């Protein structure tokens, strides 16, 4: 009887916090690992759990564990806590969740985070067909093989995209285990470094050493799209700007030539008007020469008064008398 009560009490202590967590109404926290969730053996890693400002304790829960794996008080910011793993080993590999508690109760569990340890086994070999340098739209295949009979292989793209593919291993007589990853219609998003790992089914978070790296370079096809690329648009804009500038320069040059021609014509017309005025105001000297000249002829004079106009700036005028001489012979007079 005492033993039964002890068992029931033990189960109550275990189930009570889990029931409170499951029934929690506080927002669930966020969990992540630094420097990442795939950690080489014997290196340190920090697991972070970020929740509410009212949190009093943060609990880290590992899958297949009965009690919280670790409990930490919040940092000075009070909205998160960190859990240190000084040296990564197989015992730390697994799936983790976190939650927090406050005066209002327990929060929900965070999303699951898989913490993987690499380096437990020898590395597999990675190859690519037909080439690591292909054009966009081509299908390629990665082959990951190992002398160790792994249960599965995983292909990982390192970098910002962080894509991964997992396949069950296949077996042949001369090749104990391998997996072929086919990527259909690759795009520039697949550019990057690829590695593969092997692991056993019963320990999915304990991987082998990383394979050799392969750098994949995907280039655009020449006729991939009828729309201009960014470089094409930039070139088109430069050409358009150049044409517009040329038209503006021609327009201003033509306008300048028109103004010059107009000023030249106006000046020429003004000069002609001045000459005509001077011709009308000046007296003309008319002479008449008879056909038969006689040294003894009589000279007649015809006087025509006129006024010489000087510059308009001068107000005084002078009278000038012009004489027109007419020479006639005596013989003409007698007649």
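From the backbone N, Cα and C atoms, a Cβ is placed for every residue, glycine too.
Look at Swiss-Prot and you will find 1-23 tagged as signal peptide, backed by similarity to another entry.
Under the heading topological domain 'Extracellular', Swiss-Prot lists 24-238, citing sequence analysis as support.
If you look up Swiss-Prot, you'll see 42-125 marked as domain 'Ig-like C2-type 1'.
Among the features that Swiss-Prot reports, disulfide bond is placed at 49-98 (among others). If you draw a 10 Å sphere around the CB of residue 49 (disulfide bond), it holds 29 other CB atoms from the protein chains shown.
What Swiss-Prot records for 124-212 is domain 'Ig-like C2-type 2'.
Reduced to three states, the DSSP call for residue 144 (disulfide bond) is strand. For residue 144 (disulfide bond), other Cβ atoms within 10 Å of its Cβ number 26. What Swiss-Prot lists as disulfide bond is 144-196 (among others).
According to Swiss-Prot, the feature transmembrane segment maps to 239-260, an assignment based on sequence analysis.
The topological domain 'Cytoplasmic' feature in Swiss-Prot is assigned to 261-335; the stated evidence is sequence analysis.
Among the features that Swiss-Prot reports, motif 'ITIM motif 1' is placed at 298-303. Averaged across the motif 'ITIM motif 1' (298-303), the predicted model reaches a pLDDT of 49.
Here Swiss-Prot flags 320-325 as motif 'ITIM motif 2'.
Taking a C-beta cut-off of under 8 angstroms and a sequence separation of 6 or more, residue 98 (disulfide bond) has the following same-chain neighbours: 29, 31, 47, 49, 51, 58, 59, 60, 61, 109, 110.
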